[in-house]
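J.: Below are the structure tokens for one structure; questions will follow.
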Amino acid sequence: MKLAYWMYAGPAHIGTLRVASSFRNVHAIMHAPLGDDHFNVMRSMLERERDFTPVTASVVDRHVLARGSRDKVVNNISRKDEEQCPDSIVLTPTCTSSILQEDLQNFVDRASLYSESDVILADVNHYRVNELQASDKTLDQIIRHFLNKAREEGNFNRSLTNKPSANIIGISTPGFHNQHDCRELKRLLGELGISINRIIPEGEFLKNLRDLPRAWFNIVPYREIGLMSATFLEKEYGMPFISQPPIGLLNTADSIARIEKLVNLWASVLLGKQLNYDLYIENQTKYVSQAAWFSKSIDCQNLAGKEAAVSGDATHAASITKILVKEMGIRVSCSGTYCKHDAEWFNEQVQGLCDEIIITEDHTKIGNMIAHIDPSAIFGTQMERHIGKRIDIPCGVISSPVHIQNFPPGYRPFLGYEGTNQISDLIYNSFNLGMEDHSPDVFGGHDTKGVNTKSLSVNRGDINWAAEAESELKKIPGFVRGKIRRNTEIFAKENNILEITVDVMYAAKEKSSL
């Protein structure tokens, strides 16, 4: 375990709670101390909804420590079974229960004797996996459990639907733009003549999981949640799946081409014809998505020569890197992800598209890398947005973890062709363009920027700026001021200069121009 004041992915029990809470009429119970039971507040605040099954905390207190937890946990499970009549109760271990070495499987076995609902212990190791990995594992575990149950009860239908259909696996709460992406993905599939068989886990009943094998194929829009389930369904039931995220023009066209290939496996037999989606891709690219036109416009050409840094989960960081480089011609100096468990796939996706690849869960390394590169814009998580604020670099948020402003009430998908418009807007508006940044310095006004002498890349120690040097720095246009400030501080540190004067600034300038 690692003590940190910022984590890109939360602890494992948050991932389990996300999946359990996303299903309808599934009740999650966590065995943890007070303070860890903030999930209900977080979900209702971020998703702005009331109609969901809340999580119950089986609180670890001094009495539990003295007498043991079994009776309390079993009583909580039995009480919720009686009060809520859920289809299933998922007991999630936490770091606390692991430290106490509680035999939670024994608790589940005992509670199952008195409960009408299925009681499941989430099979996740809290010392080895994070929130995203636990989400993936828990969803896979639930699907396996209820498909096996349906098969044992003889309540199982393997026949394919009459028309092309797909399962969407991995839409959950509170995912980054998940609800908007789901709506856009349903629209795209509908226009291709493909019906939605099931969407899991968000808003689905467990009894409907028995219908999963009836779909022609599965779609996993995000690699972080759903990949294990899709792999299991392919191995066990022969269901092919697509895990290529349809983010950006190129990725979306590629995803549709893969869908066409999978649909045509059965189309000639069940529909008596082969389907072709080339015309659909062409029309959407020309008339629905404005991204292709925008990439050729003078506005996008103004971004030529700009540099960007990208960081986020594997799905979004890799997709945004491709869009910046292949679709908009913007140089990516560094692309990174905190999904260390998916490092191999991420490397394959961004290899050759950026100057440097960084895979780490340490936000300070990301921050120092960004400060060292000094890009024109950052595309990352909420943490990178904070880093950008500290060193005066704009940031577009493209991935979890995020704050509430990135759960917009309006329609803001990242997937599909409407998603390409949203991403183009985000990228363009994340750069400081032309006179935009230093116009207030020229014309004055309440928003005129002062001199920011903070830096992530330089250990400033006792370096101070003299008053005349600060005054001189204010005369420099804002879009290059930060870079000059950092170069001057680096020069001062290398030469053991404790106070930066105007003469030091010019000396640093002369050295950088050599």
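Using N, Cα and C of the backbone, Cβ positions are placed for all residues, glycine too.
OK, TrEMBL features for this one:
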DOMAIN    12-431  domain 'Nitrogenase/oxidoreductase component 1'
BINDING   ASP36  [4Fe-4S] cluster binding site
ACT_SITE  ASP299  active site, proton donor
BINDING   GLY434, MET435  substrate binding site
J.: Are there any residues in the same chain, six or more apart in sequence, whose C-beta is under 8 angstroms from the C-beta of the residue listed as '[4Fe-4S] cluster binding site', and if so which?
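T.: Sequence-distant Cβ neighbours: HIS13, MET30, ALA57, THR94, THR96.
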J.: Mean pLDDT, the domain 'Nitrogenase/oxidoreductase component 1' (12-431)?
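T.: That stretch averages a pLDDT of 89.
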J.: Only counting partners 6 or more residues apart, tell me which same-chain residues put their Cβ under 8 Å from the Cβ of the residue listed as 'active site, proton donor'.
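T.: For the residue listed as 'active site, proton donor', the qualifying residues are TYR428.
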